[in-house]
Amino acid sequence: SIVELGKMIIQETGKSPFPSYTSYGCFCGGGERGPPLDATDRCCLAHSCCYDTLPDCSPKTDRYKYKRENGEIICENSTSCKKRICECDKAMAVCLRKNLNTYNKKYTYYPNFWCKGDIEKC
């Protein structure tokens, strides 16, 4: 769920998801128009694409369990949906950490109408 995703983002990046990522660029927090603005925004596109592979799941509301061992996120076994949601969220949090150097404050609260052009395919 968005609760666990938020915790993972804090643990991996040290940034609060709100406002850092909730309205970042063209893909973080919804909108999904135009090409990603940078590698951070591309992490959000990849996360959206991952969720698209889970049509029978409820990734924003299904709660799941995970733990951290030696600094790594471990998705705990539960239902197939919850495990797959956790893996999508983990991939996003790790991607955001790996791309912290591309994070640009000017893309926070980026107006969605500025996102123009063809949407990048998954």
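Glycine residues also receive a Cβ, built from the backbone N, Cα and C atoms like all the rest.
Per Swiss-Prot, the disulphide partner of C57 among C43, C75, C81 is C81.
Check Swiss-Prot against the ranges 1-13, 40-52, 105-117 and you find region 'Important for membrane-damaging activities in eukaryotes and bacteria' recorded for 105-117. Among C75, C95, C122, the cysteine that Swiss-Prot records as disulfide-bonded to C86 is C75. When the Cα of C95 (disulfide bond) is compared against those of the disulfide-bonded residues C26, C44, C50, C75, the shortest separation belongs to C44.
Distances between the Cα of C122 (disulfide bond) and those of the disulfide-bonded residues C26, C28, C44, C86, C115 are shortest for C44. The Cβ of C57 (disulfide bond) lies under 8 Å from the Cβ of C81, K82, R84, I85, each of which sits 6+ residues away along the same chain. Taking only the Cα positions, the spacing between C26 (disulfide bond) and C86 (disulfide bond) is 23 angstrom. Mapped onto three states, the DSSP output places C81 (disulfide bond) in helix.
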